[in-house]
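Student: Residues or ranges marked as ATP binding site in Swiss-Prot (evidence: similarity to another entry): Gly160, Asp161, Gly162, Arg214, Met215, Ile216, Lys217, Glu218, Gly305, Gly306, Ser307, Thr308, Met309, Tyr310. Among the features that Swiss-Prot reports, N-acetylmethionine is placed at Met1, with the record citing similarity to another entry. Here Swiss-Prot flags Lys299, Lys322 as N6-acetyllysine.
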Amino acid sequence: MDSQGRKVVVCDNGTGFVKCGYAGSNFPEHIFPALVGRPIIRSTTKVGNIEIKDLMVGDEASELRSMLEVNYPMENGIVRNWDDMKHLWDYTFGPEKLNIDTRSCKILLTEPPMNPTKNREKIVEVMFETYQFSGVYVAIQAVLTLYAQGLLTGVVVDSGDGVTHICPVYEGFSLPHLTRRLDIAGRDITRYLIKLLLLRGYAFNHSADFETVRMIKEKLCYVGYNIEQEQKLALETTVLVESYTLPDGRIIKVGGERFEAPEALFQPHLINVEGVGVAELLFNTIQAADIDTRSEFYKHIVLSGGSTMYPGLPSRLERELKQLYLERVLKGDVEKLSKFKIRIEDPPRRKHMVFLGGAVLADIMKDKDNFWMTRQEYQEKGVRVLEKLGVTVR
């Protein structure tokens, strides 16, 4: 709460999950899937203790997804379907989740780097016109991640469900000209795992199975440190084989797929995506920065988002960065490699890093009125109020 007794809400709308709660808290109050579903056929009115409605959102939609036509309002971190997005926000602020009177609250929202201006304008418009929040602030996700880590300068590798961003931040300001985006993230890895399991003879082709495979991925997948070695183990031994019990009681065996699926992050061609993988993209981003800032960036690489949770990811990133630095900067001179300092921070709570940073920032700002865009300012200026965030509005 701020000094006037208004609640300060923090809402991190991801492509896959919504994380929402209050300023100053150290964990989201609610985490639920960012999906909206509509029944395919209305034959029953109840499944278990869930009532089937014309519009199902979040947890309920996820549980009944086999009976629904499901839509994710966000794609690659950007809102694609505003009507469904409003349903998602109604659910977030309504009695099912936060249960707040939006007119007497302030809200801090997060946005991906390189978010189109139109997208940001529309979000502010909806927050003031539909929900009538008293104050709104929009923060860039990568900057919040660094705040949560207690840093002002660093490179954030943020990989969620819909998109992966590599975003350098200097003295608290994100550098859009250096920000890179890779359209491979959690959802693509899950799809690829479905494909790999199909080759093993397990068919997961229904949208309801998607959730099951996501759970298999979270439980069993890891990033291989040395791919040749992993492939040898997968082919010649059964060391990697793990059993997994499906919701219907069947047991499946998963082997080499455990490291093959996340490998798409490093080798996008595996899932027919052009371009370089996450390690090379990170290297290119840092090398494109001003020469004086590079060493700071190499020493403060921060991982964030659910798709950076794979065991083995930090060490593989470090290995590839060292290799690239040796080949392209030192031209193979191994002697000089010992001077190359690199540090990859993988905080244990990185899945909710953006929310945590948002909760910290909102708490610091709660009584500083000059930071927030207010409803009154919006009524006077319209979307030009965004200039207050230091954003140029065309």
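Every residue, even glycine, has its Cβ placed from backbone N, Cα and C.
Could you tell me the structural context for the features on the list?
Tutor: Cβ-based neighbour count (10 Å, all protein chains) for Met215 (ATP binding site) stands at 13.
With a 10 A radius on its CB, Met1 (N-acetylmethionine) counts 14 other CB atoms from all the protein chains.
Lys299 (N6-acetyllysine) falls within a helical segment according to DSSP.
DSSP assigns Lys322 (N6-acetyllysine) to a helix. Cβ neighbours within 10 Å of Lys322 (N6-acetyllysine), excluding its own Cβ and spanning all shown chains: 15.
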Student: Write out the long-range same-chain contacts of Gly305 (ATP binding site), meaning residues 6 or more apart in sequence whose Cβ is under 8 Å from its Cβ.
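Tutor: Once residues fewer than 6 apart are set aside, Gly305 (ATP binding site) is near Asp158, Ser159, Gly160, Thr164, Ala185, Arg350, Lys351, Met353, Val354.
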Student: What does DSSP call Ser307 (ATP binding site) in the simple three-state scheme?
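Tutor: The three-state answer is helix.
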Student: Of the recorded positions Met1, Gly162, Met215, Met309, which sits closest to Lys322 (N6-acetyllysine) by Cα distance?
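Tutor: Going through Met1, Gly162, Met215, Met309 one by one, the closest to Lys322 (N6-acetyllysine) is Met309.
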Student: What's the CA-CA gap between Lys299 (N6-acetyllysine) and Met309 (ATP binding site) in angstrom, rounded?
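Tutor: Approximately 20 Å lies between the Cα of Lys299 (N6-acetyllysine) and that of Met309 (ATP binding site).
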Student: Please compare the recorded positions Lys217, Lys299 by how many other CB atoms fall within 10 Å of each one's CB, and tell me which has the fewest.
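Tutor: With the recorded positions Lys217, Lys299, fewest surrounding Cβ atoms within 10 Å: Lys299.
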Student: Give me the long-range Cβ neighbours of Gly162 (ATP binding site): same chain, 6+ apart, Cβ under 8 Å, in sequence order.
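Tutor: In sequence order, the residues whose Cβ lies under 8 Å from that of Gly162 (ATP binding site) (at least 6 apart) are Gly14, Thr15, Gly16, Tyr72, Met74, Glu75, Asn76, Gly77, Ala185, Gly186, Arg187.
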